């Protein structure tokens, strides 16, 4: 059996570009994709420059959008510990309900939004959503009670719902399986960067704008965040490229040669192109085991990590022997920045290793095992204060599961772009559906700083993650990978058959044309 060379931009060294593919020599550094059997060779200079262009524009745009999304999503936490609680006289678990209502809107609208994005250009849909949630963020500076915050947060969740999964769809459409985990990781790390910016921004505003024009510092933060988000939303109209098969005509940074190269990369890795959602797409997805594993694995892993979100409340609760709060408002906003910085580095390292070794499952297992450590310490609770600080910072080391999980999902669904999009949306929607009530029941603000069952619940969830990964790995090797290889072989056989059939029809067309010309000559000479 002979294999064609898959180098883009030329033939193998020492061979003419006009040589038949069957005699081309495979790059000795090439490897084989275990899911599709595709031969993966070293990138040409043209392809490397194209990937660099994607990184510089598409990835950077998505990352900045994600920073702003998480800044707008998490600034409510910094506002709460920076005067909002006292100014609005917030009581009991109202803090938790800010997240609950956001999650409800997010969970309800996510799947419909994922369907819409396959029917409306992402370059229209995603910027429109960003402008809407940016406007709502701006309006938060006007709130006077908790009920107004509930309503705005619910609509913010609805408009933000498609931002994360929509960006993942774009990245999976333009990057190959050997590139995707690191890019998703880079994009995912922007959540932590958003948290860092939220804390730093609130601390800076508290010093410089608090009381300016009669507005508290936390109100100024909503104004600034909202304006920045609205402006960046409009930028997306020209920077979002849509999909290789249906590119954005306003994306000035891509020309026809770039698009041809993108389509070649899709064919080379035997990846399915994006199509419109149909009922059949959803039914087909539910017939495969991937959706059941990832729709439970992703929510379990993210819910297991939830403890880091309550670090600021822990810091605010610490008092000295006289009952005086130990940390100032600025310090409470700044200290968790160190944890977010830990997460950024961790996400980059784990994502790079995931692509380099093409091992998704092991990366998630390592984080799950480490995640058990701080959960066990804080579930005991009666430990020195230093151990509690260590444990809260340690939780940030296990926040890098999503890039490997979604890259693994993409690997296991190479032939079905609609399934990839639906599984992403369904998994994230389930997480927000669970998060809508779990944060109130498991992490009630009224129990700060010692939660009765929260850390024990995290331990159970991390153990569930480990068990699910082992089961999914078994199913992958036993069922999913052989099935993907069979589908690829059938697709290649069909392609070769169609090519032979087309060649036959062309030959027949030439023969008929020759016959017609002979007939014309006979008529003329008659």
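Cβ from N, Cα, C; glycine included.
TrEMBL tags one of the stretches 14-35, 256-277, 454-475 as transmembrane segment, and that stretch is 454-475. Transmembrane segment is the annotation TrEMBL gives to one range among 421-442, 487-508, and that range is 421-442. Put simply, of 124-143, 184-205, 331-350, 362-383, the stretch with the most CB pairs closer than 8 A to the transmembrane segment (217-240) is 124-143. With a cut-off of 8 Å on Cβ pairs spaced 6 or more residues apart, the transmembrane segment (50-68) and the transmembrane segment (291-311) reach fewer than 3 such pairs and are scored as not touching. In this chain, the transmembrane segment (389-409) lies close to the transmembrane segment (291-311): three or more C-beta pairs between them fall below 8 angstroms, excluding pairs fewer than 6 positions apart. A contact between the transmembrane segment (291-311) and the transmembrane segment (454-475) is present, since 3 or more of their C-beta pairs, 6 or more residues apart, lie under 8 Å. In terms of C-beta pairs under 8 Å, the stretch of 124-143, 149-172, 184-205 lying closest in packing to the transmembrane segment (98-117) is 149-172.
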